Each structure stands twice: as structure tokens, then as C-alpha cells.
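Note sheet for the following structure.
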């Protein structure tokens, strides 16, 4: 009996037990979180157990070390070295294989000229034409069943000018090499194409060029490997539909990692990045975008190097892609369900998939059935007189306490915006923790103050029912969003799970009431908001509620003080006969026990049937009221808390560093943090008012620590730096001054850093900082001249870019006024791979340019061409982007045709000055090499000393990346 008493005491609904269960729940969630983030590091293949996988990993790691030895953007000579190394490795791997073929775009001189929407800004109305000379390396492995639709595996081998490209996208490239090596040994059933593509960083151009190759007709599916972060685990960033998500589920059995929340966030443009997957998807391919995604403040910086990644990260991407490609290559695929997918993994052990459309249907069923069942059970309990009526104050205290918590949270968020808006960049845990603890602490204080003055017998049950109503409203709203987005809001699934579990808990409570014992008469309100005698009695019992004397004896009708305190919520007998009797939730006294207490008024009425309850009936009642709360707790708290915590962590982990990219992103992250913390608090709010003083004291202490960290700690550190964008601009039309542009977030970060640079501190150099759009700040100053070329004479920067007009018939008397104007330009640019021409007319609202011709020069004189590529646009062309491979070819030969003003507006007017048909052409050419030297007059000098100075002297709390496709931009302008 003593053991039974101890067991029952441990499971009673009392403060200590509830607090302990909350501690256990959050401890388990924390351990699962750590397990999820660390487990992949322990799963490296061992040579004695998996020799083939171990060899693939070690070889891939060696390849990664070689290709990331230096910066290798498309605009650099190192880019060619990486291309040549990859080609050598591909030829080594394929060897004399009878089913392998290799195609090198550089050798075949493949180029494209096409009209392109800005891939990084879908809202842009800027009309762009791009010319690109490709050096993609393609490998075809002909399958045993070549009639099956083929699979493309793709990764890009270029980096940005400021990063070594270990994660972006070196690990993707070496994973492709490992996949190639594996499939050479294990011939696939379906044809595989490998695309080691170039120049993804500045236009997704390598992927675009793929569709100019005949092999593109063989492939229907794609696995794109990418890195939009700097290490960690490779996530299934997005996938085409439910069928492809299920293929991932069936194939990636070890360490699956994916969440459709990422997919929704990416498509909603909360992340200002893009991958080659966009191009493949737009061209009708279906597949998987597997990518590294964090941390963004190291992405595209010098810390995207092999020092900041690991074999564990490489193996996670390599093994994921290998499992997926091996499955797709060898199995027939069920691809019928093409609706968007909701998917997530459980700590890397299990992967779950459901169609977003199916989820919507289930939501509709939940929304329709749950209120019908709830209302039906309520009416039954009313009819059976087992429903206890409650005052309006009892019904409103939970929603009002929640509303008060949200209001206080909003006030606190205003303090964050005023004092430390970028705090999420350093550590999103502290602001989320502050929001979370503030909401639950506010609720605790308000509910307990209300209970002190106006005690309520059934607070937990009322709160659970009201939580059900709140979540029903939220689910209705999110289901509408899901439907209106054509089922593309795939990150809303956690709310469906939360609603389902909370509904079960609420229905169980209503079911217990409906099946409870019928009373002869209504027992009146249990939440006695008046009756001072009862209130004083209740207050005494509330004080006793925290005591834990397990040895206290019990008679057959009354329990110990802790027993009575444990009966707070579930006031329904589970017996098959006899009436239910009232139980005061927060005061621990039922009507049968009250008659033995001298504090109960002598004239107080009692139910005669209650007085006759048998010992067995009372025992059954105590069992139910002791343990039913545990079922409700286990339904509402652990699983929803874990899913919501994981969802908030997924969002913040991907977005917290985007606060550095503008004020809009800052407000987005703040809003996600606020809403996420409220959702995380909802599962425990129906119970939290009951925790003991130790728990609430720790909650208050955690809030104070979190709030202090959030408001007072500097947002940037060595490990979480502020990412700043650099470019050095030389405008030849305004002189040869080499103006340094440094772009970053507002907040007095940039200017103090720049003022401490030696070239500025010991000179009279002026720094001009101005606010630009979206909360960004641009600082400019005259920096040290770049040394882009090796020379034996004085470096003349004006010789870097020269523009020659070969032909222009604008003022020709032989041209009809209704005839388009034609001009030819020759750009002479030294050791260059990328230039941009922008067209503008001062007299026409839209660009009048309708046709562009690129003359491809091979071995002929600069004025001649072997091949021409022409593109036309009826809507006008604003910009021409040029990308060529040959550094020794120092010219771009361009033809431009534009409409005179007469053709665009039909207004024949005098043009005495002869300027109305003028076309302004702005030329910008880019150089991306900085970690190398030029030899000037026999002396080795750094190419971009202004950037070196920033790298060497800026605090470690800053990191640097390129603002444009080159670090040095030389500009000029002409009028045609």
C-alpha cells in the first residue's frame, strides 16, 4: 500500500509533479536537439566496415583541398585551373568505360546569347540580354535502359571573388565526382548526366547553357548540389512535388534532413539567394535541391574555406546525394502526385511526407468535425447536468492573459528595435527565450492574481477548451492561405499537428463530462467569484497545495492535502452509477469532504446522494482525477512543443543573419521570432499557472538574463561577424579616382571601422557615408589605386577600358527617319572576362534598343568575326551582359540597333539639336582577382591594396564579400 501511495502521489496533479514533468519534457527536447545537430558528425564511414564509401570520402576531401586552394571566380585565371583539374579527374574516373562520354564546352567553344529575367530579383522589370561563353564539363553515363528518362546531377565550380568556395560549391562538385566514380563501378539502369557547370554566381549561366546541349534532351530529373551557407548538414532545400519528396523518403534512409519550411521561405523570397535548381525547374525538370544553408554571415566570405568545414559536412552531402542518385538510377519511379509536398525529418532518423493538398483536405475535416463533436459532447453534458457553468471571468482569464502577454511582447520588441535591432544576428536564442519566458510569465501572473481574488475550480480544463478554439481559428486562417497559394505554403504543417493533438485533449475532457454521473440538480457555479467565507477557505487550501507529505493518512472519503490538491481539474466520476460531485480544482476540496471541515458554513446545502458515495466510487474518482491530467499533458505539451521548437529553430537558423541584408529582413526575423515564441508557449499555457515557485522563479530569472543579453550585448563577434560588401569603382568619364564603396547595415558600424584604417587615419581622406534604401548604409572614400595589370611603365588606369565606335548611322543622310538606327562598338578591355552595357534614352521612357548582335572573334582580326549571334526584343533591351573565356582576347565586338523616337511615339517633331534619337551607353567592366600580385616596373605589388587593407585592419567582427561580380569596376560612357 505504501508503494501504491507513493506511485499515486508522484502522478497527482500538483505543482511539484507538473514542474518536474515540464523539466523532463524540455530536457528531452534539448537532448533531441543536440542529438539531431551532432549525430551526423559520428557517422563517417570506416575503412574496415565500408571501404568503398571511405575511399569515396577520402578522395573527395583531397579533391576539395585542391580546388579550394585559391579564389576562383569566373573572372579569374584560377577558374581555368579548377576547370582543367576537374576535366583531368573526370577523364581519370571514366577511363576507358564503354558507357561513359565526356563533353567539354570550353573545347567546343559553346556560347549562348539569350534574354534573361534577373534570376535574383523576379520583380525586376529590367530587360536583360546575356552573352556567355561556357566551360561546363558534362559527363554522360548511358544506362542499361536508355529509354528511361535520365537523371542530371549538377554543381557549379566557380566561387565568388572573396571566397574559396569550399561550401559554395566545392563540396557539391567533389560530391559529383564521388557519384561519378560510384556509378562508373555500378552501371545505372537509367542514363545519368553530370554537369560541372561554371558561372553560377553571377547569373546561373552554366545551368542555362546546359539546355543548349543535346544531352539536355535525355534528362527529366535533376539533383542539384549547392551551398548557400558554410558547412553543417546538407538539407533538402526544396523539391518539385510530393512524388519527388517520397522518392527522397524512400532513398535517403541514413541521416535524412529536410523541411518544407525551408522551401516555403525560399519561394517567399525571405532569403535573397538563388541556385541552379531554379533554371532546371523553369525548364520543366523535376528533382531535388540539396544545399548547405547556414551560416549566411560566412557565406561568400573568406571563411567559406576548408578550415571552416569538415569531413562530416562533406560526407553528409556526398552520402545523401549518393543514396538519392543510386535509388533514382536503379528503380522505376512513381511520379504521379505532382502537388506540392509538406515534409520534415525527425532528428535524422525518419522522414515524413504528405501532399500539401491532402493536408488541406485533412484540415477541412478537422475544422468541420471537431466543433461538431465538441458541441455535441457539450450539449450531452448539459443535458446530463454534468457540465459545470462558469462565470464570464473564468472564461476570459486565459485568452486575456494570452493577449496581455502578446501586448507586453510587442512593447519589448519595440525596445529591441530601438536599442539593438540586429541582435538576432549574434544569437537568436536570447531574443526567442526572452519572448517565450515573457509570455508564459505574464500569463502565470495574471491567471494566479485572478484566481487569488476570484477562484476558479476548472482552470486547466477551461484553458484547454479555449486553446482548442484559438487553434481552430488559426487553422482556419492557415488552411485558407494554403488553398489560396495553390498549396505552396508547405511550411504550415506544424499547426495541423498541434491542432489535432490539442483537439484530442479537449474532446477527451468533454467526453469525460458527457459520460459523467448525472446529478439530480445543478450544483451551481464552482468558480465562486463571491462568498467570502468560501474564498478564505480556498485561500488556505491554496497555500497547502504545494506541500508534499506523502505519509499523511487518509480516510475512506478524504485524501491528504496533496491528494485534494491533485483533484483540481477533472471533476467527473468514472463509475457507472451514482452522481458526480463537485471538486474545487484550485482548492482541493470536494463537497463530500467539505462536510467534515469546521470551516464550511453549517447551512450550506449538500447533495444527499453525494453523502452516500461508497468507498469504491470515491477511490475510482480519485484515480481518474489523479491521472487524467497526465494524458492531457502528454497530448498537448511534448510533441507540439518539440515540433514548434524545431520549426522556430529551422526558421531562425536559416534567417537570423538576413537581418544584415536590410530593415525589411530585420522586421521579418523579428516577426517570426515573436510569432514563433507565442506558438511555443501555447502548449504549456493551460498548465503553467500551476507550476511551483521554483519554476516560476527560474522563468523570471531566465527572462531577465535573456532580455539583458538581447538588449545590451553587441550583435557582432569574431564568430558571428557583420558582413560588409566591397567594390572599388573607377569612372573614367569623371577622372581616375579609385573610389572604394563599402555597403552594410546602418547603425554606426561602418564609419568607425573605416576611420581606423591606416590610409585614412594618417591622411586627410574624407569618408562620405549616406543612408540608402532598406536600412543600408553606403560609405565611400578614395582608396589606393589597384594594380590590375603587370607592366614595365607607369600604370594608366584609363588604358584598361577603351570604347571604339566602328559604325553609327544615326546622323546618316542615307537612313530614313523611319528606319532603325544601327551602330557597332568595339570594347577594348585588358585581361578581362566580364563587362556590362546599359542602354538609356533621355527622350524615351523605355529603352529603344530592339536588337543586339555579338560578333564572336576567334583567330581573325578584331574588326572581323567568324560567327554572329543576334537577339531581338519587341519590348526593348536595357542591358547587355558579356562573359567571355579568353583573357588574351582583349575586345568585345557588339552591334546595337535601336528605334528612333519617331517609331516609338509616332510624333514627328523638329530635332534642331539632333539629340532626340541619341542612345546613352554606360560600360562597366569587372576584375575579380585580388589574392595575387602584379609586377609593376619589376616590383611585385598586390592587385587590390584597398581591399587588402580592409582585410588586414578591420576588426574580426567584420567579414567582407563582393558587392558586384568583380571587386574592381572600371566604368565609362558614350553617346551614340
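Heads up, the Cβ atoms here are built off N, Cα and C, so glycines get one too.
Looking at 16-36, 37-57, the range tied to transmembrane segment in Swiss-Prot is 16-36.
Of the listed segments 303-323, 324-344, 429-449, Swiss-Prot assigns transmembrane segment to 429-449. Different topological domain names are assigned in Swiss-Prot to residue 151 and residue 627, which places them on opposite sides of the membrane. Annotated range for transmembrane segment in Swiss-Prot, selecting from 245-265, 266-286, 497-517, 518-538: 497-517. For the residues 571, 656, Swiss-Prot attaches the annotation N-linked glycosylation site to 656, which does not rule out the feature elsewhere. Swiss-Prot lists transmembrane segment at one of the ranges 586-606, 607-627, 628-648, 733-753, namely 628-648. The residues of the topological domain 'Vacuolar' (413-428), classed with DSSP into helix (H, G, I), strand (E, B) and coil, number 11 helix, 0 strand, 5 coil. Across the structure, residue 156 (Zn(2+) 1 binding site) and residue 96 (N-linked glycosylation site) are spaced 25 Å apart at their Cα atoms.
Long-range Cβ contacts of the transmembrane segment (16-36) within its own chain (Cβ-Cβ under 8 Å, at least 6 residues beyond either end) map to 10, 347-348, 546, 548, 566, 630, 633, 637-638, 641-642, 645-646, 649, 684, 687-688, 690-692, 694-695.
Stretch with the most C-beta contacts under 8 angstroms to the transmembrane segment (360-380), considering only 393-412, 429-449, 497-517, 628-648, 669-689: 497-517. Distances between the Cα of residue 189 (N-linked glycosylation site) and those of the recorded positions 121, 168, 201, 937 are shortest for 168.
Fewest Cβ neighbours within 10 Å among the binding-site residues 168, 201, 226: this applies to 201. Neighbours of the Zn(2+) 2 site: apart from 168, 201, 300, residues of the same chain with C-beta atoms within 8 angstroms of the site's C-beta centroid are 159, 160, 163, 165, 169, 227, 299, 304.
Those same-chain residues not listed among 156, 168, 226 yet with C-beta within 8 angstroms of the centroid of the Zn(2+) 1 site C-beta atoms are 155, 165, 169, 172, 200, 201, 225, 227, 228, 275, 276, 291. Considering only the recorded positions 121, 168, 656, 768, 811, 937, the residues lying within 10 A of residue 300 (Zn(2+) 2 binding site) on a C-alpha to C-alpha basis are 168.
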